[in-house]
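Annotated active site per TrEMBL: ARG180, GLU352, in sequence order. For SER256, the entry in TrEMBL reads active site, proton donor. Per TrEMBL, domain 'FAD-binding PCMH-type' is recorded for 28-204.
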Amino acid sequence: MLSPQSKIVSHINGIVVGPLDLLAANTLRVPCSTWNTFFVDTVEGLQSLLPEVRHQPLLVLGGGSNVILKPVFPGVALLMRIGGIDYLPIDDADVDSRQMLVKAGAGVVWDDLVSQTVKAGWSGLENLSLIPGTVGAAPIQNIGAYGVELDQVFHALEAVRISDGQVVRFSKEECGFGYRHSVFKEALKGQFIITSVTFRLTGAEFAQCNTRYAPLNQYLDDHSIHRVTPEQVRKAVCDIRSHKLPDPAKKPNVGSFFKNPVIDEACWQALHERFPSMVSYPQEAGQVKLAAGWLIDQAGWKGRVSGRVMVHDKQALVLVNHEAGSADDILSLAEEIKNDIRDKFGVTLEIEPQVYPQE
Ligand SMILES: Cc1cc2nc3c(=O)[nH]c(=O)nc-3n(C[C@H](O)[C@H](O)[C@H](O)COP(=O)(O)OP(=O)(O)OC[C@H]3O[C@@H](n4cnc5c(N)ncnc54)[C@H](O)[C@@H]3O)c2cc1C
């Protein structure tokens, strides 16, 4: 369904495809029609496109692996395809020859960047191997996996301000990173389009690989790998992930559907008395992080089918669109799970992916 204002805008840099169903542009494979859709492949193209589109609702998409799209988005979709990976010497006062900056375009496939930097002998991104999506989306929720979060290797990013088309540089502090969080999800939500991200990586020969995450440590032990290199960490993470997580191409999903809830220690004590085997991780400032997957599994949801959608039979945290369901099918199942977890454990789960259009 398209708006009466629907039109195809021709443009020099942004390749225009006109109204398009975004079914193939999101990993949950739900249908979503827009008024117009543009592929954005240069910063200049984006800047000259903005005056035409900035007064309509904008949906910025990378790989569509962390969004839930309702059947109609009444506005313009921008599919980020800005490419390029450049290695830059460190330009600050404490020049460190063991480190290097790598700057990647927002549209670069995240795992291509990880693979390329590891192969080139740089360490820092290997634990984040095989996370779907693009470089530009990675800071939005401060992606994390296997004991590492993006902010640990983040240097800076560039983003175009939607209101005036200016390129603005953000330092790490200015991004306000937290657990699955950044300033772009709240205070600056919908105001900037990220065009590139720069990371600070360490030469593999000087790197201290992070292998503290239990399943990674176990894998390395099982394979008798003791002097660990970034390439070995990458291989280990890829192997574990490929066995553990459903491939969205075969079982449409958005990865972890709920964030791990963080509760205060007093609540945790009370819960722990009732459920001594409950999985939890102590945090700073008297807080404790619970494993949302454990809660959902304990509540008996693993493998449960609800019409065209279901809870994955091996990963309770992953909801799968197994029979061409819609955003509403997925969101109703999520609501049922949330209510049940609140009743059983008194814990409120929060959805991780972003829903569009936003209510
Ligand atoms: C199988 C699977 C496993 C996953 N595993 C993990 C994991 O281990 N750790 C983890 O953290 N995440 C994980 N995810 C979630 C997802 O891959 C990440 O959040 C990823 O960074 C999303 O990238 P994307 O390009 O697909 O973003 P999209 O889904 O396209 O967009 C996500 C959000 O970012 C915004 N956005 C995208 N690009 C830009 C841009 N250039 N500028 C401004 N805003 C932008 C969008 O508007 C949207 O709000 C997983 C997903 C799947 C399907």
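Glycine is no exception: its Cβ is also placed from the backbone N, Cα and C atoms.
What TrEMBL says about a protein is an automatic prediction, not a curated fact.
If you measure from the Cα atom of SER256 (active site, proton donor) to that of GLU352 (active site), you get 7 Å. Between the C-alpha atoms of GLU352 (active site) and ARG180 (active site), the distance comes to 8 Å.
Following the DSSP three-state reduction, the secondary structure of GLU352 (active site) is coil. The local packing around GLU352 (active site), expressed as other Cβ atoms within 10 Å of its Cβ over all shown chains, amounts to 17.
Across the domain 'FAD-binding PCMH-type' (28-204), the prediction's mean pLDDT works out to 94.
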